[in-house]
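**Student:** So TrEMBL lists the following for this protein:
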ACT_SITE  275  active site, proton donor
ACT_SITE  471  active site, proton acceptor
BINDING   142, 182, 190, 383, 388, 430, 472, 473, 507  substrate binding site
């Protein structure tokens, strides 16, 4: 999904930092895309010149060319003195002979336009050949509901995707395909807008309760509320029936690619940004990192479910949302509900959070059961967001509003992993490249701990004996970030030899194709594959 950064350079204590501002958006395919800190750059990878879009040639068979004439070199040789990182190098772990972890690359957002046609196929083909030369295993593509079923129910248009898939097959690459049943765009940094299907938004004009809603009544049109999963409000179909028909149409349309093994995995979109979570921190409603977000259960369908659950519990007056959970940009210690010893741990608070998180699990359960019917025999995955801010507080407020009941006295991810195991579905998780120390440099008050969160989710998945996949939450071009991914992908001294099932890199772009950046990426792919590398592999 879309990426837009304003870059300023500052030199501090003889170290080079990149200071960027990036908006949260579905374009990042990650909920933590806003959280870019001052990140140290490795060596001389900063360009003061503009990025060229003239790619070097690669042989038609995708064979590696010794010296890629990709984009212009990262350093603009204008006579300015090059600045290098003078920090002592930390010895790298040797991954030679370790498990082979496949590496895929996400394709750009706008590769298919709103008419379902492939954009600039020659340019894309050249980029795919370059990726093939680096021995990547395949690419990931979003199949947008808002493009394919745009104008009328059960009228599907797949033409652009078919042309793209044929191109990928000709290069002997594989495909991860995302069933993207959410909106792309509307957040800071998005440069592509793909709404929900027009016929769905028309229904939303007369019945806005089909969307998630916050306490103030603001609607979020990024995806449909889970309250209508079993309500026939979409032209006499329920939401899960609509999702199933879409998935089944895809399976029939591209049967040959399944039979040939070109489509290796289907990721099922389950919420905003394709993630299984509530849209609790939308930039369009003013959220900024590290705000705790807001509960999103105030459409009439979810409120009806909450009222019914309260009545069954024998406390009908509990059939309401928290009245003291404050606003999107609050901090936990400021709020009565989330502060230490707050109402989140009261009898009512535990009831509400149990209900709220169970709605999330039930939605995943329903959609994944149908996905297994549509894609029988194919690997299926579901994505969770890496909500690492306020992780070191008792309430874990940002996780609670997103639907993960992961307060300090509970494990919020084990029940989700158990649900995924029931359907034989892999868990895809983000923020594998993040270091806790980096978060403290930028926003120490957020008490973030991405490393602790990753470790908890790793163990939840492996304890449930389900495959674990991952992707980076933010663009990553430096060796330090790649090394962190590798450490998480192949944990050292793991007695069971556990490792990631696959890693997907965010994303193919002109910046990745710059000579230095691509050489570092090639080196990373080799290490993920368990091949030997040397410092000369990336200069």
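Cβ coordinates are placed from backbone N, Cα and C, and glycine is handled just like the others.
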**Student:** So for the residue listed as 'active site, proton donor', how many other CB atoms are inside 10 Å of its CB?
**Tutor:** 26
**Student:** If you draw a 10 Å sphere on the Cβ of residue 142 (substrate binding site), how many other Cβ atoms land inside?
**Tutor:** 25
**Student:** Taking each of the binding-site residues 388, 507 in turn and counting other Cβ atoms within 10 Å of its Cβ, which one has the fewest?
**Tutor:** 507
**Student:** Can you count the other CB atoms that lie within 10 A of the CB of residue 472 (substrate binding site)?
**Tutor:** 24
**Student:** How many Å lie between the Cα of residue 388 (substrate binding site) and the Cα of the residue listed as 'active site, proton donor'?
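**Tutor:** The Cα atom of residue 388 (substrate binding site) is 15 Å away from the Cα atom of the residue listed as 'active site, proton donor'.
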**Student:** Using the alpha carbons only, what distance in Å do you get between residue 471 (active site, proton acceptor) and residue 507 (substrate binding site) once rounded?
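**Tutor:** Counting only the Cα atoms, the answer is 10 Å.
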**Student:** Taking just the CA atoms, what is the gap between residue 275 (active site, proton donor) and residue 142 (substrate binding site) in Å?
**Tutor:** 13
